[in-house]
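J.: Sharing a structure below in structure tokens format, with a few things to ask.
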Amino acid sequence: MSSPQPPEGESEGLPERSPLIAAAGAIGYVVGVFAFVIAASIVLTAGLAIAFFLADTPETFEWLLTGDGSIYLVVAEALLLGFGTVAAALLSFSLGWIPKRVVGFAVPTGRQLLVGVGATVGLVVLAALLSALVEFVGAPASDHALFDEDAPVSYYVVLAVLSILVIGPVEELLFRGLIQNYLRSAVTPVWAVVWTSVLFAVVHLPAYLTGAFSTAVASLAVIFVLSLVLGAIYERYRNVVLVMLIHGFYNAVLFGFEIVA
């Protein structure tokens, strides 16, 4: 069976590559960036542990890991993800894997901002409906590891701001700007959106292993559908800044619900 090829003109500006190379490259982006984040997090945590124990303040280290201070580690991990993703983007641009102009860095137009507001509200509603659906069929979704019922309001305020400024932009640059475009040079835009969404869902698995594996899978199904929407919006407007804003504010709204609750 022949591989689905992009229609003529759809991948203008992208270097041609085979579906196999595109798939390997897409996985390579994920493995490379997240391997860096994990390795850097381990080094950072080990360094902090040594520093606090040498200073004879192990309780401070424990506070960072399990107390209110854990938000600092969350911020650090988000910044590391940002550093790794930006490094991957700069490498991709310099080597010609993905031309910078193809990614679509542009200030959203007024119409696009309206689309962004509608999409953010729509994603929140869609996520609620999908969560209700999977719970109705007997597979309730699990909560993200960042959600903590005992956390103070300031914790969720920081997460909301972090989502808008770092998490949303960084994840969209990685998955839509880099991975989706890398795949798009070998397959149709529809398949690029689908396979990018599969990877997007898979990398979120550890964050949702807060309960049974079946509940985590249910959560990933919701994440997959939400990613399809973001991917489709990106393909429609070809503006990565737009989906960065949608993703960031969507996450911020969810954290805002926790503040209200």
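In case you wondered, yes, glycine gets a Cβ from its N, Cα and C as well.
So TrEMBL lists these for the protein:
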- 156-253: domain 'CAAX prenyl protease 2/Lysostaphin resistance protein A-like' (DOMAIN)
- 20-51: transmembrane segment (TRANSMEM)
- 71-93: transmembrane segment (TRANSMEM)
- 113-133: transmembrane segment (TRANSMEM)
- 153-174: transmembrane segment (TRANSMEM)
- 186-205: transmembrane segment (TRANSMEM)
- 211-233: transmembrane segment (TRANSMEM)
- 240-260: transmembrane segment (TRANSMEM)
J.: With a Cβ cut-off under 8 Å, give me the same-chain residues at least six positions beyond the ends of the transmembrane segment (71-93) that come close to it.
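T.: Apart from its flanks, the transmembrane segment (71-93) reaches 29, 32-34, 36-37, 40-41, 44-45, 64-65, 99-100, 103, 146, 154-155, 158-159, 162, 166-167, 169-171, 173-174, 177-178, 182.
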J.: Which numbers of helix, strand and coil residues does DSSP report for the domain 'CAAX prenyl protease 2/Lysostaphin resistance protein A-like' (156-253)?
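T.: Grouping H, G, I as helix and E, B as strand yields 86 helix, 0 strand, 12 coil.
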J.: Given pairs 6 or more apart, does the transmembrane segment (211-233) have at least three Cβ pairs under 8 Å with the transmembrane segment (20-51)?
T.: no
J.: Do the transmembrane segment (240-260) and the transmembrane segment (113-133) share at least 3 Cβ pairs under 8 Å, sequence separation 6 or more?
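T.: Judged by the Cβ rule, the two regions touch, with the required three close pairs present.
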J.: How does the model score the domain 'CAAX prenyl protease 2/Lysostaphin resistance protein A-like' (156-253) in terms of mean pLDDT?
T.: 95
J.: Going along the chain, which residues at least six beyond the ends of the transmembrane segment (20-51) come within the CB cut-off of under 8 Å?
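T.: Distal contacts: 61, 64, 73, 76-77, 80-81, 83-85, 87-88, 97, 174, 178-179, 182-183, 185-187, 195-196, 199, 203.
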